[in-house]
Amino acid sequence: MARLLCFVLLCGIADFTSGLSITTPEQRIEKAKGETAYLPCKFTLSPEDQGPLDIEWLISPSDNQIVDQVIILYSGDKIYDNYYPDLKGRVHFTSNDVKSGDASINVTNLQLSDIGTYQCKVKKAPGVANKKFLLTVLVKPSGTRCFVDGSEEIGNDFKLKCEPKEGSLPLQFEWQKLSDSQTMPTPWLAEMTSPVISVKNASSEYSGTYSCTVQNRVGSDQCMLRLDVVPPSNRAGTIAGAVIGTLLALVLIGAILFCCHRKRREEKYEKEVHHDIREDVPPPKSRTSTARSYIGSNHSSLGSMSPSNMEGYSKTQYNQVPSEDFERAPQSPTLAPAKVAAPNLSRMGAVPVMIPAQSKDGSIV
């Protein structure tokens with residue numbers, strides 16, 4: 001009975017060890033974004049495996065919306081690595097001779113989209129074997145900033161904050177005091193591993209240099225801050241100064257506006273006065289006045305004559321003297337007045353008057 005059991009065990013071991021097998025165990029791999037992930041896949045062949053060697057790596061993305069995709073393939077002594085666009089140029093076999101039993105690959109410049117399940121499949125008829133590896137890509141903490149939220153005055157309440165710009169969860173925080181006794185204040189001990197420390201009733205003993213370290217499974221980052229707890233400032237003086245400054249600014253603005261308004265009024269007044277002043281222009285000279293003077297003197301002479309002697313004068317016609325702006329109108333020929341003897345004129349009370357001669361065109365000579 002014992003011999004039969006040993007025979008069965010030996011047969012099982014022989015069957016288990018025969019044929020193609022992948023010796024690398026399945027495992028979970030965690031790497032940081034931007035790093036290189038090494039996915040191992042080592043295999044052994046048996047004499048019975050006589051067919052062509054085919055090696056392929058497949059990926060099942062973490063979103064589970066895409067079926068398994070081939071990312072790199074070895075077949076017919078050739079390598080094909082352009083099947084999966086997201087990993088094109090970033091996946092390579094680590095061995096120059098994969099037939100030696102090493103089908104491991106490197107995935108460079110890891111991105112969050114590379115997260116998923118990778119499968120190594122080796123085929124050499126009649127043997128077939130495969131192993132799966134879970135790749136997780138994490139982001140290192142970076143860009144961490146330490147700052148004080150509040151007024152750093154004695155008796156005040158404020159907060160010390162430690163905030164990384166990026167980093168995959170879970171994140172761990174640790175505060176330390178780097179100056180003086182390097183001992184954290186007792187009220188803060190409960191929050192030494194928190195991203196925020198709440199400071200109550202601050203005292204000058206809290207002043208010093210502090211550091212905050214944040215880390216996750218793939219990396220860490222650190223920031224520092226200087227805390228200076230000072231006596232309260234003179235708020236009344238500050239408020240009074242602000243009020244006085246505001247009033248002075250308002251007065252200055254008012255003065256500027258007043259000056260601008262006054263200047264505009266002066267300019268407007270000067271402009272109106274300038275438009276109201278007109279220079280008197282003398283009227284154009286006319287020859288009509290000369291003619292009128294002659295006619296007036298002639299009428300005076302005729303007024304001293306008797307009605308019987310004015311018969312010749314009543315028929316005399318004078319044409320109107322045109323202005324310089326118009327052409328002179330043609331004149332009708334004038335009749336010579338009747339002659340009266342000098343003794344008759346004297347008896348009539350006439351006074352001798354010199355009458356200027358008149359040309360045919362009406363002008364006085």
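Glycine is treated like the rest: Cβ placed from N, Cα and C.
Under the heading domain 'Ig-like C2-type 1', Swiss-Prot lists 20-136. As annotated by Swiss-Prot, disulfide bond applies to C41-C120, C146-C223, C162-C212, with the evidence given as experimental evidence. The annotation domain 'Ig-like C2-type 2' is assigned in Swiss-Prot to 141-228. Among the features that Swiss-Prot reports, S-palmitoyl cysteine is placed at C259, C260. According to Swiss-Prot, the topological domain 'Cytoplasmic' annotation covers 259-365. The compositional bias 'Basic and acidic residues' annotation in Swiss-Prot covers 269-282. For 269-315, the entry in Swiss-Prot reads region 'Disordered'. According to Swiss-Prot, the feature phosphoserine maps to S297, S304, S306, S323, S332, S363.
Taking the features listed in Swiss-Prot, we show where each one sits on the structure.
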residue: C41; record: disulfide bond; CB count, 10 Å: 26
residue: C120; record: disulfide bond; CB count, 10 Å: 24
residue: C146; record: disulfide bond; CB count, 10 Å: 18
residue: C162; record: disulfide bond; CB count, 10 Å: 25
residue: C212; record: disulfide bond; CB count, 10 Å: 25
residue: C223; record: disulfide bond; CB count, 10 Å: 18
residue: C259; record: S-palmitoyl cysteine; CB count, 10 Å: 10
residue: C260; record: S-palmitoyl cysteine; CB count, 10 Å: 10
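Counted with DSSP, the domain 'Ig-like C2-type 2' (141-228) comes out as 9 helix, 42 strand, 37 coil.
According to DSSP, C41 (disulfide bond) sits in a coil region rather than a helix or strand. C120 (disulfide bond) falls within a strand when secondary structure is assigned with DSSP.
In space, C212 is the closest of the recorded positions C41, C120, C162, C212, C259 to C223 (disulfide bond), judged by Cα positions. Of all the disulfide-bonded residues listed here (C41, C146, C162), C146 has the Cα closest to the Cα of C259 (S-palmitoyl cysteine). When the Cα atoms are compared, C146 (disulfide bond) and C162 (disulfide bond) turn out to be 5 Å apart.
Looking only at the domain 'Ig-like C2-type 1' (20-136), the predicted model's pLDDT averages out at 94. For the domain 'Ig-like C2-type 1' (20-136), the DSSP counts in helix, strand and coil order read 9 helix, 59 strand, 49 coil.
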